[in-house]
Each structure stands twice: as structure tokens, then as C-alpha cells.
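According to TrEMBL, the protein has these features:
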TRANSMEM  33-51  transmembrane segment
TRANSMEM  77-95  transmembrane segment
TRANSMEM  102-123  transmembrane segment
TRANSMEM  153-175  transmembrane segment
TRANSMEM  205-227  transmembrane segment
DOMAIN    266-485  domain 'ABC transmembrane type-1'
TRANSMEM  270-294  transmembrane segment
TRANSMEM  306-326  transmembrane segment
TRANSMEM  371-391  transmembrane segment
TRANSMEM  403-424  transmembrane segment
TRANSMEM  464-485  transmembrane segment
Amino acid sequence: MQCPSCNTELPKKAKICPKCGTAVGKPKGNIKLMAIIGLIIMLIASLLPLVQSGEKIKEGVYPTAYAFSYMNISMPVLWYLFIACIVVGIILIVARKEFFSIITTVIAAVLTVVSVFAVQFTLVNGKVAGGGLKYVNVNLPDILSNGYNGNSYHIGCGFVVLAIGIVIAVAGCFIDIVKPFKKDLHVDAKYLSNSLNQSLTNKMYYYRGFYLMFVPVFVMIMLFNYWPMLGVRYSFTKYVIANPYYIGLYHFQTMFTNDIYFWQAFRNTLILSLIKLFLNTGAAVIISLLLNEITNMIFKKTVQTIIYLPHFMSWVVVASVFKMLLAPYDSAPVNSILINMGVIDTAVDFMNSTAYWRGTFYIMNVWKDTGWGTILFLATLSGISPDLYEAAQIDGANRFKRLIYITLPALANTIITVFILNLAKVMNLFESVFVLQSPITYAKSQVLQTYVYTKTFSGGNSDYGYTTAVGLFKSFVGMILVLGCNWASKKVRGRGIV
């Protein structure tokens, strides 16, 4: 063992360096990621049904006593305590106090057992005078034994997920899953600062000015990014403004089994977003390579300015321009040119035809976003050493070979980074579709975001619980896409960005 400050060899059990007096402790291990995953699984379990009805779901008919979880417990304080235990456990793990987190995990498990067997849960039992909902309290052990309203009940998936989470959280305190993937960094002690020996409290006090500047940003992120996440719980409820009631996984079962329009929107989202992503990225790379070959700087800057301008237009303006160009009249610019060339005989309604709508959408997106996408690629190209091109030219490499063996490999990291960052937004396709679509083209243009908008604000029969469930599913798919692409990037080039 060596002193981290002066690099002096120390005895195995030394606590202070005899040469420089630096405190020497046991080297810190990695954060137990597996334990954090287990606690997050436990948190998810609190939203899932602990007790589930055997009642068969009827499409469009909301059950009133379908499932029970922490969300419809008569003493919500127990749910809040459960969440507090999970949060404290995660904080303890991050602070590398893993064994104390086992205590909070056990407390959370005990709270669940007490809640199920000693506390009553509420269910909806009709309506009261005036139109409000009537709630009654029931005991889960009685319901499991005797049923309710002729329906039998059984242990729900929440208990299974909770048990899995507890096992992972406890086992994760003893298993370091990060260590096999983390390379040791060997740095000569003379290049290390003594600040490494300071405690976290001392570091925070020393940099208190920077932390103070970070407070407004932290508050903004918590209010506008994390606080709205609490609305996820409504995806498990029949949303009523006064008091939404818990219906378990009803929305998800309906979504996956009965809603053909949801699957149509999901398929359209993937098709439109992924093709748009490939076209925009490919077009940006090609234009960047062409601009990089231009030697006349005045012409180059002029072209760059022209292709950047569409990015600053709103989608409403862009859609208006394209609707004017593609209007279904003989005198409209595009139809007039095609008729004069003999390509078509009569004017085509490009915007309201399912055969042409997607092509129009792709062209509009490439025209608007490609120029802005070239900025990163041009910056990367400007950083390539001219010596590489000169050496390749001396060796007899022509322009194409220099492109293949020098330019594209230098762009590879930037292309993958841009691709992964844009992949995170694949499921958020909305504005560019919304300004173009019409009821005639819904079969090809309806995406998840516009589907949620339509189901929430159109028709006078808003279903906030169901649309929240669709939004939760959309976020989950987006996360899987990003993590999957990041994993593939690590396999191909040895590193990702997440």
C-alpha cells in the first residue's frame, strides 16, 4: 500500500503516513449499483397491485374494486414512509454506507407487511348524492379469503416485484457489479492534489460559492423535471379530479390487448422517427463533407448561412410554406412543374394523401434540420490534422481513399454521439407531425404524442389516466432504445456516452 500524497510505501494497517502525515484509509469502493437498482424496483412495486381481482376486464367499463396497492391505502402516511425508506437507502448507498441501507430496506419490507395485514384499504362502492364517489374501507386478508361482490382475489404482481427488489437490494450491498467493467487508473502520486484527502463536507465548504450558484439550477430542475414525474402514479388510476381511485394495471392491459389505435400510433412513431433520424444524420454528414471540400470561404459561409436559416423557423411557418408549395391545384408550384414535365396528368393532393404524406414529412424535416446538424460535424472535420491528408497524398491516396480512411473514421465518434442523443427523442415526435396531419392521413401520421393529445383534449371525454399510462410506456421505450444503442456503441467502439 502506498501513500496517496507522497507515494511512500506503508505497512498494511497504517492509518497515517510517517513521512507526510496524510491520513491513509481503506480505498473507497465503487457505488453499489445493484443495490440501487433493487431499491428502485421496490419503489416501482409500491405502484403495482399487492392484491388483484380475478374479475374479467370489460372494455370501456372501469372496475371499482379491481386492485389494491399503497395508492389506495387508508393511511397514506405508510406509503410516504415506505418511499422515504427507499430514498434514504439510495442516499446511504451513494454515501457508501451500504450496510445501513439494509436497515432501511428491511423497514420498507416490514411496512408493506404491516400495511397489508393490519391496515384497511379503500375502494369505490357506487356514488353518493350529488354525483361524488362513495368509498368504503376493507381488509385485504378478508378479501383474499372471502372475495368481494362475487369476485375472487389473489396476491398481485406487486408482492412478487417487491420480493425481487428486496433480494437484489440486499445482495447488491455485498456484490460490486461495476468492478469487472471498471479499469484501474494508475496515476503517480506527485500529480495528485492533497484535496483528495479532504472530506466531502470540507470540499463543499471550500467550493461553497459554486454550490450556491448551482442552487437556482437545482431548484428549477427539481420543479420542472422531477416534480412532474409524480404524475406517473395517475397511470394506475381512474382519474377523477377530486379523488382519482386506483385500478391497478387496467390501463396497460387495455392498451396492450384492446386498443388497435395505440399500436397503430406506436408503429407510426417508430417508422417516422427512425427513418427521419437516419435521413437527417446522413444528410448532415454528406453536406458537411461537401462543405469541407470547398476552398472558397465566401461561398462556403454563404451556403452555411442559407442551410442554417430553416432551423430558426417555427414548424407552423415551415408547414405553411410546404402546404403552399404542394397545394392540390394546377397552378401550385410543385404540381405545375410535374404537370408540365408530363409526370402527372392532374394535380395531386400531397398533404392529404396517405401515399405521399410520409415522403412529404421526410423532405420537410431534412430541409429544416439538416443544416443545423452539420455544425458538430464541421467542427470535428476542422480538428483533423492536415498532416494526415498530406501524408496520405504522398503515399498515393486519392481523394476517395482519404475520405474513407481519414475523414470518416475521424467522424465516427461524433456520428455515434449525435445518433444516440437524437435517439433519446425518437418517441417525442409531435410538433412536426401535428402541423401536417389531418384525419384523412391518421393511418400513416398518427404518432403516440398526437394520439395522447387527441385522446386527452378532443371529443369531450378526456381520459387522463389512460393517456398518462401511454406516456409512461413511451418513456420506457425511449429509455430502452437509448440504453440499447449505448450498449451497442460500447461493443463496437469500446465506449458510449451514458
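Using N, Cα and C of the backbone, Cβ positions are placed for all residues, glycine too.
Remember, it's a predicted structure, so these values are computed and weren't measured experimentally.
With a cut-off of 8 Å between Cβ atoms, the residues of this chain six or more beyond the transmembrane segment (102-123) that come close are 38-39, 42, 50-51, 64-65, 68, 70, 72-75, 78-79, 81-82, 85-86, 88-89, 92, 135-141, 148, 162, 166, 169-170, 173, 245. Among the listed stretches 33-51, 205-227, 306-326, 403-424, the one sharing the most Cβ pairs under 8 Å with the transmembrane segment (153-175) is 33-51. Tertiary proximity for the transmembrane segment (403-424) is limited to same-chain residues at least six positions away from its ends with a CB under 8 Å from its CB atoms, namely 277, 280-281, 284-285, 288-289, 292, 373, 376-377, 380-381, 383-384, 388-389, 392, 397, 478, 481-482, 485-486, 489, 492-493, 496-498.
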